[in-house]
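As recorded in TrEMBL:
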BINDING   37, 185  substrate binding site
BINDING   113, 158  ATP binding site
Ligand code: ATP
Ligand code: TZP
Ligand code: MG
Ligand code: MG
């Protein structure tokens, strides 16, 4: 799919947080996709008309931006474009919970992705996030399956072991590097990359391909990084240089 992606260069509309916009746009460009960041409700229909996917990341959303998120979701649904929702900090505040619950309740979401604390709380369990960081120890596959059962949408839970659950597939993915925990936006960027893959084909393989590519790129970047700063730059290089053979050489996925 990576070759198809580089040929098709799908447009990914990103309504995302202020912390991660350049990192997200650079990662999508390195991948071969075409990013546009937007914060303007009145352009939703115009830009989504040509888009392959929409990313909604609530990381720095404010009350006045709720109509923007809703209009983007509405237009994407109208045009049948997959929507990836990243409920950043879901457990951290009532504002984040109410916004996420509204988006999930009123629009078709192709994928909810978040860290273990966010998705655990999203299933109606006790909120165990500290700000945007997960502090939960639970098994990500159990958390993904639980959330899928409650929400009835495909769910990706990230962490040292990533886990995915939809109506047909339950699986874990085991690539990645601990440097991803110490750069801000590593989860947010993965949300954008899954959106780019879903722009090509909306199936569970698309998610697994996206997660594995990103985490294998991270493993390769970590080989020559001297710390989180150099790692972040090398991660973009390794996304850019990723080859199909890298999957064969390093990928570790386990299907239930
Ligand atoms: P948090 O804010 O809690 O860090 P997040 O939204 O940034 O959450 P993560 O769960 O850190 O998201 O996941 C982001 C990426 O980092 C995913 O690709 C995941 O596989 C990877 N990752 C996270 N922790 C590790 C780890 N300890 N080892 C390997 N890869 C990891
Ligand atoms: N604060 C609001 S959004 C954000 C921070 C630090 C970025 C979170 O990024 P990630 O990828 O979820 O760690
Ligand atoms: Mg993080
Ligand atoms: Mg996150």
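Cβ coordinates are placed from backbone N, Cα and C, and glycine is handled just like the others.
Here the Cα atom of residue 37 (substrate binding site) is found 19 Å from that of residue 113 (ATP binding site). For residue 158 (ATP binding site), the count of additional Cβ atoms within 10 Å of its Cβ stands at 28 [all protein chains shown]. The binding-site residues considered are 37, 113, 185; of these, 37 has the fewest other C-beta atoms within 10 angstroms of its C-beta. With respect to ligand 2, the binding-site residues 37, 113, 158 contribute no residue with a C-beta closer than 6 angstroms to one of its atoms. Taking CA atoms as the reference points, residue 113 (ATP binding site) and residue 185 (substrate binding site) are 13 Å apart. Counting only the Cα atoms, the space from residue 158 (ATP binding site) to residue 185 (substrate binding site) is about 13 angstrom.
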